[in-house]
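A.B. asks: I grabbed these lines from TrEMBL:
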ACT_SITE  His486  active site, proton acceptor
BINDING   Lys91, Gly155, Thr184, Gly185, Ser186, Asp354, Met360, Leu361, Ala362, His363  FAD binding site
BINDING   Gly221, Ala222, Gly223, Tyr224, Ile225, Gly226, Leu227, Glu228, Glu244, Gly313  NAD(+) binding site
DISULFID  Cys82-Cys87  disulfide bond
DOMAIN    45-369  domain 'FAD/NAD(P)-binding'
DOMAIN    388-497  domain 'Pyridine nucleotide-disulphide oxidoreductase dimerisation'
Amino acid sequence: MAMASLARRKAYLLTRNISNSPTDALRISLSLTRRFSSAGSDENDVVIIGGGPGGYVAAIKAAQLGLKTTCIEKRGALGGTCLNVGCIPSKALLHSSHMYHEAKHVFANHGVKVSSVEVDLPAMLAQKDTAVKNLTRGIEGLFKKNKVNYVKGYGKFLSPSEVSVDTIDGGNTVVKGKHIIVATGSDVKSLPGITIDEKKIVSSTGALSLTEIPKKLIVIGAGYIGLEMGSVWGRLGSEVTVVEFASDIVPSMDGEIRKQFQRSLEKQKMKFMLKTKVVGVDSSGDGVKLIVEPAEGGDQTTLEADVVLVSAGRTPFTSGLDLEKIGVETDKGGRILVNERFSTNVSGVYAIGDVIPGPMLAHKAEEDGFACVEFIAGKHGHVDYDKVPGVVYTYPEVASVGKTEEQLKKEGVSYNVGKFPFMANSRAKAIDTAEGMVKILADKETDKILGVHIMSPNAGELIHEAVLAINYDASSEDIARVCHAHPTMSEAIKEAAMATYDKPIHM
């Protein structure tokens, strides 16, 4: 076992291009062995503060690697923001509201006539809550299966190896660990002068539990979350206006795809006020009055709504952890600074997920947790943030991985572009969902795929062929020469790949 561990360590040192002498490798290997040696029955090998996607995955993986593990979660329900008040409940409402919209506006086109379609909002919200409850219980079951100790309470550092936990039942306990991982996620970013009451002025959390369908909804922020929640309530009957300070919606999206996407949302009667700044809000009356002006200055306008959703991004959640007490360094944005092994500047303390730099995505946090624990166990972990997919779960969905065309131009990279519209895809035409396209960017000289962007129903599922290709440095020709089942939406990816290095067949 020691020889195998040494071999793995030497291999890792070689990949990192640092000293890899037998003496150095043996010293590090012996150090890891000492750190995992028993230091008392109450001490853990790994302690994770936070039970969200990053934290619970890290806890399970650590236990699977044979490490004594404890996970601390303040909410009293595992899954973090994503499962409890984020990714999962929003997708439940997106699906339910889409079903209602289809029944009301699309079924007749397919020969399905429904005399009356109504929204039962309490039932819709109950379905969402049931899904969340079952999934959180499922994670608890995985903890038991993998022998992860679960402490419900708010944790804060006493020292680099001790966490004080104020438990949800009113008690207090101290959890000790050789390695402590901060995985506390993020919180809603507030805006100056706007107080969120989760009734008339809501965050994404409040937008998931509105007891009535607002006649008018204003969304502040045209990012992923704002557009998704705006879509939910727009389908159910709200008049939705999106106010965005920037000149574009979803600024990180490929420009060509973004324009198509915005046009699609506008067809769904979503209104946009871009390059617009919110300067005041008045919620003293029955509704909410929002005072706005052009981002560059100018005449002010008052907008009225029943509900205002503040969706201006998220910020790392590290308050109350007492990071400063043990000397953990953060940047100006409050993110914890870590190296490539997810180690902070304090020995034995690590951080993953939304509290560190990188995309604030649940699946990125999961990969962070997996890799961090592998490093702790003396293995080699790796996460490439340039190859993490992103998805907007509206209808149609938009999914992407890798570089945008704008980024390649800025970096001076020569590239080829291949596109294929779903209007020319037989499956999309057959089921009458032919909106959108696939766009592939590949290196002009080597044909290596640099970026893939998809706008279509279920784009979030289609993108993973591209994610796999990019992670293994595949060329567009590699995808084009793979047999794709017919008729499928994924054939559009094959055709776009053919268009990138040669010519498509069906266009």
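Yeah, the Cβs are placed from backbone N, Cα and C, and that goes for glycine too.
Heads up, TrEMBL stuff is auto-annotated, nobody curated it.
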A.B. asks: How far is it from Ile225 (NAD(+) binding site) to Cys87 (disulfide bond), counting Cα to Cα, in Å?
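C.D. replies: Ile225 (NAD(+) binding site) to Cys87 (disulfide bond), Cα-Cα distance: 9 Å.
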A.B. asks: For Thr184, Ser186, listed as binding-site residues, tell me which one has the smallest number of other Cβ atoms within 10 Å.
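C.D. replies: Taking Thr184, Ser186 as the binding-site residues, the minimal 10 Å Cβ count falls on Ser186.
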A.B. asks: Pop the Cα-Cα gap between the residue listed as 'active site, proton acceptor' and Cys87 (disulfide bond) into the table, whole Å please.
C.D. replies: 32
A.B. asks: Where His486 (active site, proton acceptor) and Lys91 (FAD binding site) are concerned, what is their Cα separation in Å, rounded?
C.D. replies: 28
A.B. asks: Could you measure the widest C-alpha to C-alpha distance across Gly221, Ala222, Gly223, Tyr224, Ile225, Gly226, Leu227, Glu228, Glu244, Gly313, the residues recorded as binding NAD(+), and give it to a whole number of angstrom?
C.D. replies: 15
A.B. asks: With the FAD site defined by the record as Lys91, Gly155, Thr184, Gly185, Ser186, Asp354, Met360, Leu361, Ala362, His363, how many Å span the farthest pair of C-alpha atoms?
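C.D. replies: Pairwise Cα check on Lys91, Gly155, Thr184, Gly185, Ser186, Asp354, Met360, Leu361, Ala362, His363 gives a maximum of 30 Å.
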A.B. asks: Report the same-chain neighbours of Leu227 (NAD(+) binding site): residues 6+ apart in sequence with Cβ closer than 8 Å to its Cβ, ordered by sequence.
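C.D. replies: Spatial neighbours, sequence-distant, of Leu227 (NAD(+) binding site): Val219, Val242, Ile249, Val250, Leu265, Met270, Val392, Thr394.
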A.B. asks: Taking only C-alpha atoms and a 10 A limit, tell me which of Glu244, Met360, Ala362 are near Cys82 (disulfide bond). These are the binding-site residues.
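C.D. replies: Neighbours among binding-site residues, in sequence order: Ala362.
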A.B. asks: List the Cα distance (Å, whole number) between Met360 (FAD binding site) and Gly223 (NAD(+) binding site).
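C.D. replies: With the alpha carbons as reference points, the distance is 12 Å.
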A.B. asks: Near the NAD(+) site, what residues other than Gly221, Ala222, Gly223, Tyr224, Ile225, Gly226, Leu227, Glu228, Glu244, Gly313 in the same chain have a C-beta no further than 8 Å from the centroid of the listed C-beta atoms?
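C.D. replies: Counting only non-site residues, the set is Val219, Val242, Ile249, Val250, Ser311.
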A.B. asks: Could you give me three numbers for the domain 'Pyridine nucleotide-disulphide oxidoreductase dimerisation' (388-497), the DSSP helix, strand and coil residue counts?
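C.D. replies: Per-class counts: 40 helix, 33 strand, 37 coil.
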A.B. asks: Where's the emptiest Cβ shell within 10 Å among the binding-site residues Lys91, Ile225, Glu244, Met360?
C.D. replies: Lys91
A.B. asks: Near Gly223 (NAD(+) binding site), meaning Cα within 10 Å, which of Lys91, Thr184, Ser186 (binding-site residues)?
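C.D. replies: Near Gly223 (NAD(+) binding site) by Cα: none of them.
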A.B. asks: Work out how many Å separate Lys91 (FAD binding site) and Gly221 (NAD(+) binding site) at their Cα atoms, rounded off.
C.D. replies: 19
A.B. asks: Could you give the Cα-Cα distance between Ser186 (FAD binding site) and Gly221 (NAD(+) binding site), in whole Å?
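C.D. replies: So the Cα of Gly221 (NAD(+) binding site) lies 17 Å away from that of Ser186 (FAD binding site).
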